[in-house]
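Asker: Got a structure for you, questions after.
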Amino acid sequence: MAPEISNDSERAVWDMSNTLKRSNKRSSWKIAKDLPTSFLYAAKGLRYAFSTQRNFRIHVAFALGALVLGFLLGLDNNNLAIMALTATSVLVVELLNTAIESVVDLAIGKRFHPLAQIAKDCSAGAVLVASISSVLIAVLLLFPLLLQKLEF
């Protein structure tokens, strides 16, 4: 029996939840039963993001470029680790953004809903914040070494 539901979106979530519970055996997703299968699913997610998300490919290229430049300029291991962590954080947030956008699209389809827009805008904003902080950290770490190499 359904609890008191105040609006259509809550009703839709309740109905979807019950449908998923009833159709668990024939669901469209699979649950990993072991660690190698979990890694396989994770690799599929990375492959999906790389093949379909232009911004993910751009972030990967910039991350690799910054790390190679840091290595070539002689950046110490601690600062290379900091750059790797910040670059990786951008990729993680981009993956989460892709997941959020996919779930929102699944939930509402091609219809507009202001809450869907908020979810998508906020997740894109998180990518922007992570990207800006990553670029700032890379500039702070690499610029002095670059000036030193160019003898300024």
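Placed from the backbone N, Cα and C atoms, the Cβ positions cover glycine too.
Just so you know, TrEMBL annotations are computer predictions that nobody has curated.
Positions annotated as active site, proton acceptor by TrEMBL: GLU94. Look at TrEMBL and you will find TYR41, GLU101, LYS120, ASP121 tagged as ATP binding site. The substrate binding site annotation in TrEMBL covers GLU94. What TrEMBL lists as divalent metal cation binding site is GLU101. Per TrEMBL, the feature transmembrane segment maps to 56-75, 81-104, 125-147.
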Asker: Greatest CA-CA distance (Å) over the residues TYR41, GLU101, LYS120, ASP121 that the record ties to ATP?
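Answerer: Roughly 27 Å, rounded to the nearest whole number.
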Asker: Give the nonlocal contacts of the transmembrane segment (125-147) in its own chain as ranges (CB under 8 Å, at least six residues past its ends).
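Answerer: Answer is 55, 59, 63, 66, 69-70, 73-75, 79, 82-83, 86-87, 89-90, 93-94, 96-97.
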Asker: If you count Cβ atoms within 10 Å of each one, which of the recorded positions TYR41, GLU94, ASP121 comes out on top?
Answerer: GLU94
Asker: Within 10 angstroms of the C-beta of GLU101 (ATP binding site), what count of other C-beta atoms is obtained when all protein chains are considered?
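Answerer: Around GLU101 (ATP binding site), other Cβ atoms within 10 Å: 16.
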Asker: Run through the Cβ atoms and count how many others sit within 10 Å of the one on LYS120 (ATP binding site).
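Answerer: There are 15 such Cβ atoms around LYS120 (ATP binding site).
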Asker: Write down the Cα-Cα distance for TYR41 (ATP binding site) and the residue listed as 'active site, proton acceptor', rounded and given in Å.
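Answerer: That separation, Cα to Cα, works out to 17 Å.
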